[in-house]
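> Here TrEMBL flags 46-161 as domain 'VanZ-like'. According to TrEMBL, the transmembrane segment annotation covers 12-34, 46-66, 86-105, 117-139, 145-162, 174-194, 225-243, 255-275.
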Amino acid sequence: MIVSKLLIGMSYLSKACWIGLLLTLMLYGFHKICLKKSAGQGKDYILYYIALVYLVTLLMITGIAAPWSIHNAHNDQMIPFQDFDASYFLLNVLLFLPAGVFPPLISQKDTKWHWKYIGFGIILSLGIEIIQFLFTGRLADIDDVTANAIGCLAGYLVFWSLKKCWKASGAKPAGYGTYGFCLSLLGWLFGFPYRMGMCLGDMFLVSWGVPIWSGNQGGALSFQGIHYTLIIYFVIQLAAAWVTGKYNQDLGAKIGKILSGLGMIFFAVFIIGNIV
């Protein structure tokens, strides 16, 4: 179940990448034209873009982006853990982990623990459940709110703990080298082949109508020939290696340089194996 849900989530994520890009460009234009102020640094908009992609993906997964109607059935489950599904609960926890990270990361002002970020996650979850109950015909489940709150709390706890450790160690602030590390990490996550050589990143190419194997002909799915996705993620690791090498004093850049180097070797071996 978890793998199938992740694949569905990847299909939503592939669409959200384009929508997030459009929203980020609109935000840039709003700052530059309407507010008539500096649009900020490029790395700020990288963060805004990632946060917007997450938000759009969240709305798609929960059905909020689907058509609304007041004539839908109103379904609810208000008794905690009555029909408990451990895998579904875990997925809901994972879904809201970023909700505890992006708000304080974008703010970058608070140095102490603030419960307002947890409150934001709970309000966001409640808002989603209310909309699901009133307008989308989906089930409003109290267990979802509980799992989302735990996910948000866990995400913020990880962020706050890492921030305290970085501050105590006198580490340099995040920069382009940090994003290079994140890029390499995402390359590993989406490009690592698992079942029948497929990877999560294959969903991106499939949703855009791009064949993922050179053996695909006439719409038929084949696992023969060159796996195009692996080439893309080799290039991503190459780009991450260049960024972390150029900005090697940024937070996480040195680890990112090692990670991206291993990634280039890993994906190169798989690509050569496909060709041979």
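Even glycines carry a Cβ here, placed using N, Cα and C.
Remember, TrEMBL labels are computer predictions, not curated facts.
Please go over these features one by one and say how buried each is and what sits next to it.
Confidence in the domain 'VanZ-like' (46-161), given as mean pLDDT, stands at 83.
Away from its own ends, the transmembrane segment (46-66) comes close to residues 8-9, 12-13, 15-17, 19-21, 23-24, 27, 95, 98-99, 102, 105-106, 128, 131-132, 136, 138, 179 of its chain (Cβ-Cβ under 8 Å, at least six residues beyond either end).
Residues of the same chain lying 6 or more positions beyond the ends of the transmembrane segment (225-243) and with a Cβ under 8 Å from any Cβ of it are 176-177, 179-181, 183-184, 186-187, 190-191, 193, 197, 199, 201-202, 204-205, 210-215, 256-257, 259-261, 263-264, 267-268, 270-271, 274-275.
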> DSSP says what for the domain 'VanZ-like' (46-161): how many helix, strand, coil residues?
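With helix first, then strand, then coil, the domain 'VanZ-like' (46-161) has 76 helix, 6 strand, 34 coil.
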